[in-house]
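The block underneath contains the structure these notes are about, expressed in structure tokens.
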Amino acid sequence: MKDKLIIIGASGHGKVVADIAIKMNKWQSIVFLDDDESIKTSLGLEIIGKTEDAFTYKYEADFFVAIGNNEIRENIQEKFIERGLNVVSLIHPEAVIGTDVEIDIGTAIMGGTVINNSTKIGKGCIVNTSASLDHDNAIEDYVHISPGVRTAGSLSIGKGTWLGIGSILSNNVKICSGCKVGAGAVVVKDITEPGTYVGVPVRRVDR
Ligand SMILES: CC(=O)SCCNC(=O)CCNC(=O)[C@H](O)C(C)(C)COP(=O)(O)OP(=O)(O)OC[C@H]1O[C@@H](n2cnc3c(N)ncnc32)[C@H](O)[C@@H]1OP(=O)(O)O
């Protein structure tokens with residue numbers, strides 16, 4: 001743990017992430033890197049350079065990649081890990097985390113979430129505001145679980161999948177890697193092919 005936290009990405013998601021970091025009260029200084037030169041400050045915090053500048057702070061900062069797009073977040077975070085940067089997870093103090101829950105590096109757990117016992121969450125995931133993940137879920141790396149998602153027990157979600165706002169997943173379902181599940185969708189059966197799924201119950205819409 002270092003004194004400084006550098007957050008990559010100063011837009012909407014970055015601000016929510018910074019707010020969590022402030023509330024965690026672990027870093028003396030919290031700043032952003034962002035490739036958009038027109039942004040000078042975000043949430044009252046300084047933007048000190050671009051993503052590529054991260055490596056110059058290797059020995060003095062912890063890092064968090066706050067990019068909403070799963071693929072871009074994965075590319076940046078994996079480069080950081082490969083080059084030895086210390087990537088941390090950020091967990092809102094008002095998230096409810098059960099016993100034997102595992103949360104890997106680079107994952108953000110937003111306010112009001114409930115993660116029940118024995119659920120495992122991979123690297124670089126977003127568990128967004130007020131999502132509820134029940135017991136024994138297996139969430140692979142770089143998944144985004146949008147605000148208000150509800151998952152029942154014992155299900156699995158493959159790498160890089162995006163669950164849209166307010167979607168609902170029944171117990172024991174398996175969703176493969178590379179899926180998009182639409183806002184308000186209901187998943188009651190396994191999804192075995194990458195694609196975009198919407199509706200109640202879901203149907204595939206990208207072919
Ligand atoms: C803090 C934050 O903001 S986190 C971000 C939260 N945001 C979200 O959760 C957004 C979720 N995104 C969606 O639901 C999107 O509509 C997606 C990803 C499912 C699909 O987006 P696209 O690939 O652009 O599909 P597109 O808009 O062309 O829709 C394809 C068809 O599916 C329908 N459709 C799209 N989304 C939904 C939905 N959520 N429920 C029902 N039908 C839908 C469209 O009406 C369209 O139907 P049509 O062909 O009969 O006209």
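Note: Cβ is positioned from N, Cα and C throughout, glycine not excepted.
What TrEMBL says about a protein is an automatic prediction, not a curated fact.
Not measured: the values here are computed from a predicted model.
DSSP states for the domain 'PglD N-terminal' (4-80), grouped as helix (H, G, I), strand (E, B) and coil, give 31 helix, 20 strand, 26 coil. What TrEMBL records for 4-80 is domain 'PglD N-terminal'.
Spatially close to Gly68 (substrate binding site) yet at least six residues away along the chain are Gly12, His13, Ile126, His144, judged by Cβ distances under 8 angstroms. Taken from TrEMBL, the feature substrate binding site applies to Ser11, Gly12, His13, Gly68.
Around the Cβ of His135 (active site, proton acceptor), a 10 Å sphere holds 18 further Cβ atoms from the protein chains shown. Annotation note: His135 (active site, proton acceptor) sits in a coil segment as assigned by DSSP. Taken from TrEMBL, the feature active site, proton acceptor covers His135.
Sequence annotations record features per position, and here TrEMBL assigns site 'Increases basicity of active site His' to Asp136. Cβ neighbour count for Asp136 (site 'Increases basicity of active site His'): 18 (other Cβ atoms within 10 Å of its Cβ, all protein chains included).
Taken from TrEMBL, the feature acetyl-CoA binding site applies to His144, Ile165. Under the DSSP three-state reduction, Ile165 (acetyl-CoA binding site) is assigned to coil, being neither helix nor strand. For Ile165 (acetyl-CoA binding site), the same-chain residues lying six or more positions away in sequence with a CB closer than 8 A to its CB are Asn128, Ser146, Pro147, Gly148, Val149, Ala183, Gly184.
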Residue among the binding-site residues His13, His144 whose Cβ has the most other Cβ atoms within 10 Å: His144
Whole-number Å value for how far Ser11 (substrate binding site) lies from His135 (active site, proton acceptor) (Cα to Cα): 32
Recorded positions near ligand 1 among Ser11, Gly12, His13, His135, Ile165 (Cβ under 6 Å): Ile165
Pairwise Cα distance maximum in Å, substrate-binding residues per record: Ser11, Gly12, His13, Gly68: 10
